[in-house]
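What follows is one structure encoded as structure tokens, with my remarks underneath.
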Amino acid sequence: MDPNPRLLILLVLLAFSATVAVAEDGESTGGSKVSLGRRAGGFLHGLKKEAVVEGDHGVALDEVGPGLFDALFASLSMILVSEIGDETFIIAALMAMRHPKSIVLSGALSALYVMTVLSTGLGRIVPNLISRKHTNSAATVLYLFFGLRLLYIAWKSDPKGSQKKEMEEVEEKLESGQGKSTLRRFFGRFCTPIFLEAFILTFLAEWGDRSQIATIALATHKNAIGVAVGASLGHTVCTSLAVIGGSMLASKISQRTVATIGGVLFLGFSVSSYFYPPL
């Protein structure tokens, strides 16, 4: 029996359509695979770029790390040798003998923290107005001046003398200022009088002091955060010692010893600033 021609034609058309459908399905699958491959490649390329950027940041942080700790150590040691036995130290010690230690400590530290932030800010502004080379030269000269001045004080001072005489002078200043209390009474309505007194006396005593000028000089060519943190830690240690046992400590420490250590440290800063200037 001969097959029906119409049936054969129908079978051929069905087979052809199935083949075309399979081919189109394969092309769409392949296209989607190519698209997915491209997307995956782009994603991996982006991850690679991010990894490179993160790696660069990691290197930068590693480079900043030593500078941060170097500035912290320099400012901390500078404050320790400058403030022990200084006028701000003695003010805190004398006030703590007559007033609650916690209030005196909080008032004095508040003033010193504000002064540290101001000094560090000035140290960062100056290089934007003056070239880094000139600011580094100025810092070198300042360190040298303070170092020689402290060594001169150590040479002229009595080797057996203590800080008692300076404590008496500062106490006379405090007593002479008791009558001028109009401003204190005015601010006393808003702040604790003892806190305000400790803040004002410490702030005025620290303004223009060698530790403030040295902090500004350090901030011009060292890491500002390290300088601020180190100076704040140094002030915290010195002021706490003054409040807790300042009178006893000041009477035991020789002025010559403190001045000698401070002079050597500042001379070391001067040599370091001259031979290892910032890039």
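Each residue, glycine too, has its Cβ placed from N, Cα and C.
From a predicted model like this one, the values you see are computed outputs, not experimental measurements.
The signal peptide feature in Swiss-Prot is assigned to 1-23; the stated evidence is sequence analysis.
When Cβ-Cβ distances below 8 Å are used as the criterion, the transmembrane segment (64-84) is approached by residues 209-211, 214-215, 218, 222-231, 233-235, 237-239, 241, 249, 253, 258, 261-262, 265-266, 269 of the same chain, each at least six residues removed from its ends. The transmembrane segment annotation in Swiss-Prot covers 64-84 (among others).
Look at Swiss-Prot and you will find 103-123 (among others) tagged as transmembrane segment, backed by sequence analysis.
As annotated by Swiss-Prot, transmembrane segment applies to 135-155 (among others), with the evidence given as sequence analysis.
Summarising the annotation, Swiss-Prot assigns transmembrane segment to 186-206 (among others).
If you look up Swiss-Prot, you'll see 224-244 (among others) marked as transmembrane segment.
Long-range contacts of the transmembrane segment (258-278) within the same chain: residues 74, 77-78, 81-82, 84-85, 132-133, 136, 139-141, 143-144, 146-151, 153-154, 157, 214, 218, 221-222, each at least 6 residues beyond the stretch ends and with a Cβ under 8 Å from a Cβ of the stretch. The transmembrane segment annotation in Swiss-Prot covers 258-278 (among others).
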